[in-house]
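Listed in TrEMBL for this protein:
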type: DOMAIN; residues: 705-816; note: domain 'ABC3 transporter permease C-terminal'
type: TRANSMEM; residues: 305-330; note: transmembrane segment
type: TRANSMEM; residues: 351-379; note: transmembrane segment
type: TRANSMEM; residues: 399-423; note: transmembrane segment
type: TRANSMEM; residues: 472-493; note: transmembrane segment
type: TRANSMEM; residues: 704-727; note: transmembrane segment
type: TRANSMEM; residues: 748-772; note: transmembrane segment
type: TRANSMEM; residues: 792-814; note: transmembrane segment
Amino acid sequence: MTAVAYWFRLDARRRWRSLLVLTLLIAVAAGTVMTAGAGARRGSSAVDRLLAETMPATVRVEPNRPGFDWDAVRALPEVAALGVIAYSGFEIDGEPAGDSLALPPVDTGMLRTVERPVVLEGRAADPSRADEVVVTPAFERTRGTGVGDTVTLGLYTPGQIDVVQGPDTAYASTDDGVLGLYTPEQLQAALAAGWDINETAPAAGPVIEATVVGVVRSPWFGDRLHGAGYVIPSAGLYQQFTAHFSGARDLAGTGALVRLHGGAAAIPKFREHLAQVAGQSDIVVVNQASWASTTREVTGFEATALFVFAVVSAVAAVFLVGVAVARHAAVTVTELTFMRAVGMTPGQARSAAIIGPACAGVAGAALGAAASILASRWFPIGTASVVEPAPGVDVDVAVLAAGLAGVPFLVISGAVAASAFASRSTERHASARRSTMAAAASAAGLPVPVVAGTRFAFEPGRGRRAVPVRPALLGAVAGVTGVLAALTFSAAVHDAATNPARVGVLHGAEAYVGFNDFAFVETSADAVFTALAETPGVTGVQDVVGNVAEAGAESGTEQLVVMSPVPLGAPAEQIITEGRPPAGPAEAMLGLRTVDALGAGVGDTITLTGTSGTTDLTVVGVGGDAVDTSVVTTRAAYETLFGERFQFHMGEVGFEPGIDFETMLPRLRDALTAVPGASPDTVGIIPPEFDDPAGLRFMRPLPLFLAGFVVVLALGSVGYALGAAVRRRGPEIAVLRALGMTPGQSRRVVITQAIVLTLAGLAVGVPVGLAVGRTVWRSVADAMYIHYVPPAAVWALVLVAPVALLVAVLLAAVPGRCASSLRIASVLRAE
């Protein structure tokens, strides 16, 4: 080993720059892979770690009536803990709270025995004080208001609460959509007072200067991705200013977050007992436990995307850094050939070739691990970032151990293989493998540069002249495949994130005429919707009533939104993925989520129970709404279930192509002025709710990053092959030059090689990339309940061939110039 160590000392002094560059390349590659892998693992476990610390609610109960008896619910055997929340709001710093409104806790059970948040900074608010609040991390980030700062809470007067005058007394945003806060009693009082549904008023009640004492997070009191964050008051605010939340006549409602013994499995029994103590079966019970599974799905997608990113990065590193490692080892073995004459054995020569890359691998892995630890403060990302219970620097021992052991192993293995191959190449001269494509080009009488370039692309050569042909071909195919797959997937994600039709929303506006069995108008809904349907620019209106029913599911019972649409004007468009819409009195069409929730499909029979009765419905189709757990049925079936009762009554207004909501809103309001008993003040016209799923928001940039890594992989493989061909097969070019080939023709040999490699990549990569992109998107769309439409990245398909060929020609520029400037006499003399 003395000879090996002596050579390494000499080689390190002579080639320290290349070893340093190799170390940095390994560090960058290892750091990228370890950071992505650790971030994926951390993000995938964030939901479970948050649930373990926060006593999360199992269900949310929405009776939507004032004076509800929560003590009777608290006494039910399934209830482990219950916290009441007020369905009213407040202003923040003189402005409507908007999406920063967190419904105020009514009692001390909230934030203590239910939804006990993790405290990220500061402390929890004192439940006896009205002037202490906590905020979520997003509020601190977007408002710059943190622990020790103050916020101004403006309360509405009891009279304003009674008639829902404040914008924050009408609704609140939740993870499962917009939560309506007003009760029918409030609506009746509002209409009696001449309430305008489209007007609000500023808060006119007391103003409280509250101190922010903590930054917290829990499943309910948590941020949404890209949200503004929340201000969460203590129960003392409600206790000291009760009338400013319940109203002068106690018309406002309350809800409750309930933690059940047995978790989600206890929900069916809880619903049954709740209906008994409440005296009604249509109380909305929202499965809060499903938040965990839904969010876990999203973070799972994000983690999978990061894992894929890590794998692609690792593959790119193996090709790019592996080529550098292999070249370093092979050059060392070749240089040590002369040492054989003084007694160095082949094994010692290979050991001397390995030791440099091995040291670079160990040092690079250590640097990459350190970089991964530093970068962990910015992870997890995406949806996982808003549920992470312990943000900041995190050390993933498993990932670091795998990286610190695996990176040196891969580097040493690559150096061993390269040195062994180089050693054999110096000892034997095997016959060169001939290429069928090159032979065909020669038989066709193509010009010499074309034939020679084709040979360089497909024939590896032998001995010191061997060129890595297969990695170059695989790199070209992988590059085109990866880019087409990534851009196809990216086009599908963009389409789903911007096109409401992908989640079944085909209408342009919603006109609400009733809520919770209370009609806003003093005329028939048909009169209102007929007037809207006759408005220029409207294709038709669907008269939709909806309510909540219970259905038998594999895990017990499931609450579903049952809707019954009746078209006015042109029949409304619907997305049907299987079967047909319901037509008979005992037929139904299921939404995509409902299919999974009930385990039912076309041809099956489901049993629904509503407020007025129970009925069996035959499933005749799948489609429609891909957002809610919904069932579409006929009006006859709906009336069997609910009679004349409804939770909402609205018209889905379809627009002609190219017309948007802002253009149509004045026309629709004008149409209502001609309807006796109705007016623009009593019909709420809003755009349909549509927001791209959080998982899609996270995925949108990732395909582009993946495409970039794959492009680097392809450029490195093809570029190295072109340069190696000129360096190692220079004698062949020199012989052709001696026989009359011009410098320009020599340059065209290299250009032909690059073009042939690119054409091979296009021939295989375009169809495979398109198929891979569509296959991956179909799996994502199915998992996220998005209506699948085969994506096509049109511009990518149009531009991939010319851009790839242009890049190939540019890659061949430098090697081509080297080929054209070869010193023929020197090359042949050396040969």
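Yeah, the Cβs are placed from backbone N, Cα and C, and that goes for glycine too.
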Two-stretch contact, the transmembrane segment (748-772) and the transmembrane segment (305-330), at least three Cβ pairs under 8 Å: no
Interface present between the transmembrane segment (704-727) and the transmembrane segment (472-493) (three or more C-beta pairs under 8 A): yes
Helix-strand-coil residue split for the domain 'ABC3 transporter permease C-terminal' (705-816), DSSP-based: 96 helix, 0 strand, 16 coil
Cβ contacts the transmembrane segment (704-727)/the transmembrane segment (792-814), at least three under 8 Å, sequence gap 6 or more: yes
Confidence summary (mean pLDDT) of the domain 'ABC3 transporter permease C-terminal' (705-816): 83
Contact set, same chain, for the transmembrane segment (305-330): CB under 8 Å, 6 or more residues outside the stretch: 15, 18-19, 21-22, 25-26, 29-30, 32-33, 36-37, 39-40, 43, 353-354, 356-357, 360-361, 381, 410-411, 414-419, 421-422, 468, 471, 475, 478, 482, 698-699, 702, 705-706, 709-710, 712-713, 716-717, 720
Spatial neighbours of the transmembrane segment (399-423) far in sequence, C-beta under 8 Å, 6+ residues away: 26, 30, 33-34, 37-38, 41, 318, 321-322, 325-330, 332-334, 346, 349-350, 353-354, 357-358, 360-362, 364-366, 368-369, 372-373
